[in-house]
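S.K.: Got a structure for you, written out below as structure tokens; questions coming shortly.
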Amino acid sequence: MSTANREPARPAAGRAGIKKELPDRFKDYRHVWVFIELERGQVHPVSFELLGEGRKLADKLGVQLAGVVLGPPGEATWYAVAEAFAYGADLVYIAEAPLLADYRNEPFTKVMTDLVDTHKPEILLLGATTLGRDLAGSVATTLQTGLTADCTELDVDTDGSLAATRPTFGGSLLCTIYTLNYRPQMATVRARVMPMPQRTDKPVGRIIQHKVSLAEDEIVTKVLGFLPDSQSAKANLAYADVVVAGGLGLGAAENLQLVKNLARAIGAEHGCSRPLVQKGWMPADRQIGQTGKTIRPKLYIAAGISGAIQHRVGVEGADLIVAINTDPTAPIFDFAHLGIVTDAIRFLPALTEAFTRRLSPHSRDKLAS
Amino acid sequence: MHIVICIKQVPDSAQIRVHPVTNTIMRQGVPTIINPYDLFALEEALRLRDAYGGEVTVLSMGPPMAEDSLRKALGYGADRAVLLTDRYFAGSDTLATSFALSQAIAKVGETFGPPDIVFTGKQTIDGDTAQVGPGIAKRLDLQQLTYVAKIGSIDLGAREIEVERRCEGGTQMLKSRLPCLITVLEGTNEIRRGSFEDALCAARSQIVKWTAVAAGIEDLTRCGLRGSPTVVKRVFAPTARAEKAEQIETAEKTLRDAADELIAAIFTRQPPLEHELAFNNGA
Ligand SMILES: Cc1cc2nc3c(=O)[nH]c(=O)nc-3n(C[C@H](O)[C@H](O)[C@H](O)COP(=O)(O)OP(=O)(O)OC[C@H]3O[C@@H](n4cnc5c(N)ncnc54)[C@H](O)[C@@H]3O)c2cc1C
């Protein structure tokens, strides 16, 4: 068993959850780390969002913020290092090796746990992407430490512990979770839950290179190929500035065209609530909410969506939420900023038309004069 | 081929209500179901067995009533069901859960033959962590293949397997080795209706029940609350926003006027947006 050499997870003494003095072997664990997710030459934006959050935690703790970049030798990997500095890292650990070119669990887990064992961070944050979740689970198990998934809020407690808050029971409740007696304290956070920090002009910092002591023939799983999603627009939903979404209130699959028309008229992405995916009216990657995408647009227009908690958690980060719903008591009006109680099927075409009129060049000239 | 699949009995969270005053989950009367994501894994396991021969063992850790879910899995056509149940498991976080399940899988292997593939669902609908699968893989030193959308060829002689794995922005084609652990993505397959024979068998089948000790777990401090490094400190309801949405009145107004008014209100709150939108439209 690969974890046999570790001490079993066991509280320092007595019942778990009661903070005892941190075991001696963890006493020199310090600093906040953010895993910089690099896949096929691209840094996932969630890594920058995490650097923003990590900065706050590191400042509160009075420690340094480090980025961890694992990738193939070459420009893209070093670009990720520079970007980590630009988004606030004080130092970056970099491990370069050809076998880190495409994500695979085995080498990434090995290198990451080596890094943790060598440099001992007290907090380790990863994006809750497919890659981040795959990696975080194995790293935490190897290190025999706690891992809190899909956090929506991170903070440092008065005694310096990481307080990781996440939705539970399908999003109906939130809970705050601690990893008191183990290090590092690990958490994953979904894309778009934390705001994107300002990019700064601080493109330098300390770089610590880590030698990868692993050969390709020691790795069992091989990558045979990669098929990119044909509709790359799908991936943009989480990062769109304006999103229009439809819910069950639209009544029929055809009526989704009304949502798409409005989206097209204002250059928005379109999305939906979960039942529409379950009915097969929209593909799963258009779903917004707890089990779909978290969005953070400047404007979110929800048509015929009741605003169940699982939907709410995915849209709460929007700057301006507009709800169109026939039911004045629909929960969405509790968190929307602007609401209109009306039939979305009739109203959406009128809204599309009104937007087009208002945004047309002619009216823009009027606006400027 | 021996396939072990881990399933969890979960409360049907669509029907969970939170007590408005005490902020506690009101479980009374909430039906339990097999975690929906696990059903895709179960179907995948059954298909592989049907194609390559062998046996499917379903394994669940939970209270005695989790037997219902195992019986349902037998009804779909699984060959054997094992329930890991013991009060020592209460309060397990993902690390403790993956420990207990990995020990039980090892015991299943000793008792009924070593597994070639261990399946889990992508995640559960009550915990939503997606961490237990990777935890089991690591502990048992199995190749870890998560978010698998499709299982391609399996070469039992060469002990090789090819899968398609979803990742950000695309699909990875991977070649790996057996034994492996696969977490299955939703929507990968259509879940079968169990046959009449299976239903009859399920009703009569003996479910193997193991306590922690029976599953070969010697160190009980690694289970349950005591074996869980994470601790839930506080459970609370999301804060309600102070004000409700500002309503655009619609009475005695044409749709056109109401739409204009809504747009005016949007741009009053977000003035720069108007220019951005106009700009995006190439206007
Ligand atoms: C584990 C779990 C995870 C989930 N994850 C998600 C998720 O990620 N995303 C998600 O969205 N949901 C999710 N859900 C489902 C969620 O609980 C709700 O069931 C869902 O969001 C409801 O979708 P809806 O608002 O479109 O439909 P409904 O709740 O049916 O609401 C339809 C609304 O439309 C209004 N309406 C009806 N006719 C009209 C009309 N003509 N014009 C305008 N309004 C009209 C109604 O008043 C009503 O408010 C999840 C549930 C569970 C249990």
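Glycine is treated like the rest: Cβ placed from N, Cα and C.
As annotated in TrEMBL:
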DOMAIN    A:32-223  domain 'Electron transfer flavoprotein alpha/beta-subunit N-terminal'
BINDING   A:273-274, A:287-291, A:304-311, A:Asn325  FAD binding site
S.K.: If you count the other Cβ atoms within 10 Å of each Cβ, which of the binding-site residues A:Ser273, A:Thr291 comes out on top?
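M.R.: Comparing the binding-site residues A:Ser273, A:Thr291, the most crowded Cβ belongs to A:Ser273.
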S.K.: For the binding-site residues A:Ser273, A:Gln287, A:Ile305, A:Gly307, A:Ile309, which residues show a Cβ-Cβ distance under 8 Å to chain B?
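M.R.: Cβ contacts with B, in sequence order: A:Ile309.
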S.K.: Just jot down the residues in the same chain as A:Gly289 (FAD binding site), at least 6 apart in sequence, with C-beta under 8 A of its C-beta; none if empty.
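M.R.: For A:Gly289 (FAD binding site), the qualifying residues are A:Gly171, A:Ser273, A:Arg274, A:Gln310, A:His311, A:Arg312, A:Val313, A:Gly314, A:Val315.
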S.K.: Going by DSSP, give the three-state secondary structure for A:His311 (FAD binding site).
M.R.: helix
S.K.: Enumerate same-chain residues with a sequence separation of six or more from A:Ile309 (FAD binding site) and a Cβ-Cβ distance below 8 A; give 'none' if the list is empty.
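M.R.: The list for A:Ile309 (FAD binding site) reads A:Gly170, A:Gly171, A:Ser172, A:Gln290, A:Pro331, given in order along the sequence.
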S.K.: Average pLDDT across the domain 'Electron transfer flavoprotein alpha/beta-subunit N-terminal' (A:32-223)?
M.R.: 95
S.K.: Enumerate same-chain residues with a sequence separation of six or more from A:Ile305 (FAD binding site) and a Cβ-Cβ distance below 8 A; give 'none' if the list is empty.
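M.R.: Those within reach of A:Ile305 (FAD binding site), by Cβ under 8 Å and sequence separation of 6 or more, are A:Ala245, A:Gly246, A:Gly247, A:Leu248, A:Gly249, A:Ser273, A:His311, A:Ala323, A:Asn325, A:Ile332.
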